[in-house]
Amino acid sequence: MLTRLREIVEKVASAPRLNEALNILVTDICLAMDTEVCSVYLADHDRRCYYLMATRGLKKPRGRTVTLAFDEGIVGLVGRLAEPINLADAQKHPSFKYIPSVKEERFRAFLGVPIIQRRQLLGVLVVQQRELRQYDESEESFLVTLATQMAAILSQSQLTALFGQYRQTRIRALPAAPGVAIAEGWQDATLPLMEQVYQASTLDPALERERLTGALEEAANEFRRYSKRFAAGAQKETAAIFDLYSHLLSDTRLRRELFAEVDKGSVAEWAVKTVIEKFAEQFAALSDNYLKERAGDLRALGQRLLFHLDDANQGPNAWPERFILVADELSATTLAELPQDRLVGVVVRDGAANSHAAIMVRALGIPTVMGADIQPSVLHRRTLIVDGYRGELLVDPEPVLLQEYQRLISEEIELSRLAEDDVNLPAQLKSGERIKVMLNAGLSPEHEEKLGSRIDGIGLYRTEIPFMLQSGFPSEEEQVAQYQGMLQMFNDKPVTLRTLDVGADKQLPYMPISEENPCLGWRGIRITLDQPEIFLIQVRAMLRANAATGNLNILLPMVTSLDEVDEARRLIERAGREVEEMIGYEIPKPRIGIMLEVPSMVFMLPHLAKRVDFISVGTNDLTQYILAVDRNNTRVANIYDSLHPAMLRALAMIAREAEIHGIDLRLCGEMAGDPMCVAILIGLGYRHLSMNGRSVARAKYLLRRIDYAEAENLAQRSLEAQLATEVRHQVAAFMERRGMGGLIRGGL
C-alpha cells in the first residue's frame, strides 16, 4: 500500500488545478481501497460550512453546490472532533444528516478523517460502502496518511481563493466575441463529463462493441446534420467546423484504438475516456496553437460519444427563456444544440480566442468571454452580465449597474442599425480619401458572395482550409475548381490567394509535424519550398483558374528572407510556363506579394520593393513575434496587444518605407477590423484594410466619420506613448469625442 500511496500523492501534487487534483484523489482512493465511494469536503471558515468539492460514487448535482454546516452531519462531527470516525452503519448514528440530492442512502459503512495543517482544519476525507462493516485498521491508517499528505499539498490560501469564487462579483476574462448580454447563468446538466467516467469492465465485449458502434454512427449523423443546417444558412464557417469534426471522427487509428480497448474488456465509456484523453494529451503537449485546439476538438468528440452512450441524456432539455451558458469547456456541437433564440451569452472557464467554439460564437454574434477563472456551478441560476468588449463577467450586479448595462444593450442595437445603413456606401474619409475595405475569406464562400457589393475585393483567401478538410492533398483539378469559384465570384475585383500556410498553428491531418518549437519551425513558405511539388501543383491550379479572369494576386506566407522570395518567384514562373504549354496560349500574369509577419522582413523593405508587387502586413503573427507572446495562452494573453508602442512603431516604419519605395501596402489581421485600431492605421498611412465579414459594417461606419488629418494626429500621439494603455485611452477619448464610443464598448 505504501507504493500505491506514494503514486496517489505524486499524481495529486502534479495536477495543474485544485479541482483536478481532488478528482484524481477520490478516484484513486476508491481503486486503491476497493471501496464504492470517496468524497472530499473542504472547509470554508468564513461561511462556516463544508463544500462537497469532489466525489466518486455519490451523485454530485450539476449546476449547484452541496454544502454542510460545520455543526451538521457526521462530516461536521469529524471536523469538530478533529479525529477519524469509523462506523459500520452511519445511518444509525445520531449525527447522520440525509442529503437527498447526493443519493447516499444506499451506503452504510463510513470512514471520515480530518485534513489538518498546522492546527487549521482544511476539510474532511470520507470513504463509504454499501456493506455493513467497519473499515479495518490498515484501511483507516491508509486514509489518515493520505489526509496528512493532502494537508501538506493543500494550503489555506488555495482554499481562500477557491471559496472566494462564491463571493466574486466582477471577474476578469478574455474577450472572445464582442457585445453585452444580461441573463440568468445556466449550466447544462445533461452534458456528460469525462472526469465522471470511471474504469469498469464487461463480460460482454460484443455488446460494448455494438454500443460503441451505435454511438459513433449517432455522432457522425449529428455532425452531418449540423453541417447541412448551417450550410443552408449564412454560417458556412460553422458548417466547416462540423465537416472537420466528421473528419476527426472517421480517423482510422482513433476507431481502431477505441475498439481495441473494448476488446480488452472495458465498457464503451471507459474506452472512450482512455483513448480520447490519450490522443488529446498528445496534442495538448505540443506547443503550437492549432494542435492545442485540436485537443479540445477531440475532447468534444469524446463528450458527444459519451452523450450517445447514455440513454438518460436523450430527453429534451428545459432551457430558460433567456440564458447565458456557463461551462468549463465549449464545443461547436454544444453550441449547435442550444436554442439560438434563447441563448444570449456565453461564459467559458477554459478556451482560446481562435478555438472553433470562439470562431462560432463570433460568427453567431453571441457576446462571449473565455478564461473566466470560476467554477460554472457557482454561476448557475445567478444573474450575469457578459461584457464581451472588456472581457468582464459581472455576477449578481447591483440594480444601478444592471440598469446601466441594459441601456448599453439598447444603444448597441441602435448602433448596429446605423452601421448597416452605411455598409453599401464607399469607405471614404470625411476629407475625401478612399479606403479599400477588403475581405478575409476561405471558410464561407456563399456568405462572402453576399458581401460582394460591400467590399473592394478579397484581401486574403486562406487556401489551407480545403486542405484541412480532406484526408489527403487535393488534386490540381480540385484546386482549380476551388480557386476558379472565388476568382469568378469577384471577377471585377482583386482576389488574393495565399499559398498553403500550414505548420505551427495549422496542421494537416495527413501531414503531421512534430517539433519542439513549431511556431518558429517548419511552417508556411518553408514547407512549400522544401516540398516544391506541393507548391507547383497549387500555383498551377491558381494560374489555370485565373486564365479567364486575370484578377489573381498570389500571397506568400511566413517569408523570412529574400532568397525565399526569389525561389518562390522562380517556381511561379516555371508553373506559368507549364500552364501555357498545357493550354496553348499566354495567361495573365498574377501580382505576387508577401505576408509581412516575420520581424526580419521589416528591415528588408527596400530590397523587397524590387521583388514583389505588394506587401500585406499580417498583424496577428507580427504582434506575437514582436512581443514574444502566445495570445492563446491564458497565462500571458493579457500581454498580447497590437497597440503596444513597439508594434505601432513597427507599423509606422513599414508604412514609411513602403511609401518611399513605392510598394503597394495592405494590412490584414484582427487590427484591420478592430474599431480600436482603424483610425490609427489610417493615420499611419494604411489604405487597404482586409478584415472578417462581421467587421465590415462597423469599419465603414467609422471610416466615413473621420478625416485624415485627425487620424494622423491620433497616430502621431500614439507613437509617442510608452504603454499600450496610454494608446487605448487616447483612442477611447478620440472615439468618444466623435460620438463613436459605442464601437469600442457597449452603447452609443
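Numbers here mean position along the shown chain, with the first residue as 1.
Keep in mind that glycine also has a Cβ here, set from the backbone N, Cα and C atoms.
The feature active site, tele-phosphohistidine intermediate is assigned by Swiss-Prot to H356, with similarity to another entry given as support. If you look up Swiss-Prot, you'll see C668 marked as active site, proton donor, on the strength of similarity to another entry. Per Swiss-Prot, the feature phosphoenolpyruvate binding site maps to R462, R498, N620, D621, R631; the stated evidence is similarity to another entry. Sequence annotations record features per position, and here Swiss-Prot assigns Mg(2+) binding site to E597, D621 based on similarity to another entry. According to Swiss-Prot, the domain 'GAF' annotation covers 1-127, on the basis of a curator's inference. The region 'Linker' annotation in Swiss-Prot covers 128-170 and is backed by a curator's inference. According to Swiss-Prot, the feature region 'PTS EI' maps to 171-748.
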Structural state of N620 (phosphoenolpyruvate binding site), classified by DSSP into three states: helix
Distance from R498 (phosphoenolpyruvate binding site) back to C668 (active site, proton donor), taken between C-alpha atoms, in Å: 12
Structural state of the residue listed as 'active site, proton donor', classified by DSSP into three states: strand
Collapsed DSSP category at R462 (phosphoenolpyruvate binding site): strand
R462 (phosphoenolpyruvate binding site), number of other Cβ atoms within 10 Å: 18
Three-state composition of the domain 'GAF' (1-127), taking helix and strand from DSSP: 44 helix, 39 strand, 44 coil
Inter-residue C-alpha distance, D621 (phosphoenolpyruvate binding site) and E597 (Mg(2+) binding site) (nearest angstrom): 6
Between E597 (Mg(2+) binding site) and R462 (phosphoenolpyruvate binding site), the C-alpha gap once rounded to whole angstrom: 15
